[in-house]
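Below is one structure; the comments refer to it alone.
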């Protein structure tokens, strides 16, 4: 039986973590699949790590792995850190704030099995996908950014910046060893490099919902950094 490792980066997710963990565990147990969750916490001051330790008591330390870091060191490096401890055949990355609902996990897994895909992406921009909780400006920026990146880089996928994905573990290990970007460009570079390797990619339409608790911000610096990143990836 294949095993699935979920990498869950956290920062101030005390309120969300118990619910998202319950739903992930419930989904895998209903599908009769072997699983683990690797929680990578960046020194959250709100008690996220204490909540994670309580979850270990409930589900077991073999199911909930807490691998904290000393501070906010970036999303990309969080995945790299968490991957060191993942023991699954497949690795799933997703957000802990309910932007990505665990109900889609069976669809990811089914699609991967049917086509033996190296990567399965959750896409907001294919048929039946969508974004909820964002204002029109942010929707426009996100959609435009994805169209720009997919056109310029020729990725062949509809959502290059989403962070709800399933990977064959060796594939992710290869990509992580090569990626150099940080921030919003990180996910995009992963896909660009995947295409260089001719890895196969499938897509599952998802409804992306803005975070349940806490704040989500997108500033001009993020936008400018993204544009710079798109064109820098032309030369990888």
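Residue numbering: from 1, along the chain as shown.
Including glycine, each Cβ sits where the backbone N, Cα and C put it.
Residues or ranges marked as GDP-alpha-D-mannose binding site by Swiss-Prot on the basis of similarity to another entry: 9, 11, 13, 40, 42, 95, 96, 97, 124, 160, 211, 217. The annotation Mn(2+) binding site is assigned in Swiss-Prot to 97 on the grounds of similarity to another entry. Look at Swiss-Prot and you will find 97 tagged as Mg(2+) binding site, backed by similarity to another entry.
Distribution of Swiss-Prot features across the structure.
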{"residue": "9", "record": "GDP-alpha-D-mannose binding site", "DSSP class": "strand"}
{"residue": "42", "record": "GDP-alpha-D-mannose binding site", "DSSP class": "coil"}
{"residue": "96", "record": "GDP-alpha-D-mannose binding site", "DSSP class": "coil"}
{"residue": "124", "record": "GDP-alpha-D-mannose binding site", "DSSP class": "coil"}
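Most buried of the binding-site residues 13, 42, 97, judged by other Cβ atoms within 10 Å, is 13.
Separating the Cα atoms of residue 9 (GDP-alpha-D-mannose binding site) and residue 97 (Mn(2+) binding site) is a whole-number distance of 10 Å.
For the pair formed by the residue listed as 'Mn(2+) binding site' and residue 42 (GDP-alpha-D-mannose binding site), distance between Cα atoms is given as 15 Å, rounded to the nearest Å.
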